Amino acid sequence: MAIAIPAQLHPFLRRSPLFECIVLTARSPALKPSHALKQAEHQQRGVSAFHGVDGPLSVTDPISPSAINDRFIDAATKLGYERNPDFNGAHQEGAGLYQLTVKDGKRHSAAAAYLVPILDRPNLTVQTGALVTRLLFEGTRAVGVEYSQQGALHQVDVHQEVVLSAGVFDSPKLLLLSGIGNADHLHALDIPVIADLPGVGQNLQDHPLVGIGYQSTQALPPLSPTSSLVEAGLFLQSGISNAATPDLQFMFSPALWIGSAIVPDIPGFTLISALINPQSRGTVTLRSANAAAPPVIQVNYLQQETDLQVLVEGIKTARRLVHAVTFTDLLGEELAPGAAVTSDDAIAAYIRQTANTYWHPVGTCKMGNDALAVVDAQLRVHGVEGLRVVDASIMPTITSGNTNAPTIMIGEKAATLMKASRTQQTLLTQYNVKNPA
């Protein structure tokens, strides 16, 4: 029985300030995240050294968490892990409840927080049902964007700069389609080279995860309609890798899952282990020069043996947690991977068969100044002018936690950088949409 995590879960994890500064600044103070993260938050707990209250993004505690979560947190403390009331505070390790991006009982997404409130601005046009086919250049300067909509090609001309925020898979795809990337790869597809950047599409990272599921010996309280399905968690260092920060994240759900769906008629609970400091790296490349063709995504999960060993330790730790005294009266049959799966080799085989994504891909247009860097500390693409990348693809190394909050921070900081560097022209006069000749 495979266990996966639904894509709609919404824990808010900004990571410890120390790790964020190491990972997201790439040795540059321009992207120091602490201020940008506080700037984004409208924190239910109030303002503090780690939290802000003036931002557009609602960050809250669970509205009505299941009482079973307390058993998980108590189990962790009995195994020697500390209780942590704020994963986004002074440190990350320990067990506690996740904070969530929720407003009025619904997920508060980046779109809900940032885009929807400004849709009626006269200097904003949103085109839906459109596919960007390439970026337009004059020499090495980005001067526009071409997109397809209802079978017709359109062009948007820009007078200042293009901001590419197509995500970890489509940002490198569009750069490659536009002639920015590994020259050999582009030549093979007959795409004219504008900038030879071999790092475009490299350095793909994600958080793979694997779960264990148990049937309960008694009925459990039903989940609240406002439940995020995963409300309690634990961060720890496995001791397997050389990570200076947590490399395992656990997510406890007071419901039994098969795949990414809850099994409503069987009482049970699920504990998911996620590898949050992976060493394996994947790639994103072009399938063809056709913009409608999906890219080739090679995730390379568990390519490094250490990653597999950490997840094996994750399964062992998860079992120790659910066999703690706090679960004694609830613990029924282990449905996945099953009580017979005990050796490291058997656990590793289960992981290889069932490991899934935490939906946290990053890194394919990484920031830095080494040979594989794609953008600089101002998020400007190396080798060209008038083009920035602003999304999770710019992270050099994946954060040890959910990537939603760090990605929002990148957007906040990018806005600050762009406002500081541009003139007072309005966007209304910058763009002129026309059909290509």
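First residue shown is number 1, and so on along the chain.
For all residues, glycine too, the Cβ spot is worked out from N, Cα and C.
Unlike curated entries, TrEMBL annotations are predicted automatically.
So that you can see what the record holds, here are the features copied from TrEMBL:
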type    : residues               : note
BINDING : VAL132, TRP359, HIS360 : FAD binding site
BINDING : TYR358                 : substrate binding site
DOMAIN  : 47-208                 : domain 'Glucose-methanol-choline oxidoreductase N-terminal'
DOMAIN  : 278-411                : domain 'Glucose-methanol-choline oxidoreductase C-terminal'
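Cβ neighbour count for TRP359 (FAD binding site) (all protein chains, 10 Å cutoff from its Cβ): 17.
Around VAL132 (FAD binding site), the C-beta neighbours below 8 angstroms that are at least 6 residues distant in the chain are VAL145, GLU146, TYR147, ALA166, ASP170, LEU174, ALA291. Note on the domain 'Glucose-methanol-choline oxidoreductase C-terminal' (278-411): its mean pLDDT in the predicted model is 97.
Mapped onto DSSP classes, the domain 'Glucose-methanol-choline oxidoreductase C-terminal' (278-411) shows 43 helix, 24 strand, 67 coil. Comment: FAD site residues VAL132, TRP359, HIS360; largest CA to CA distance 23 Å, whole number.
Cβ contacts within 10 Å of HIS360 (FAD binding site), excluding its own Cβ and spanning all protein chains shown: 23. DSSP assigns VAL132 (FAD binding site) to a strand in the three-state reduction. For TYR358 (substrate binding site), the count of additional Cβ atoms within 10 Å of its Cβ stands at 21 [all protein chains shown].
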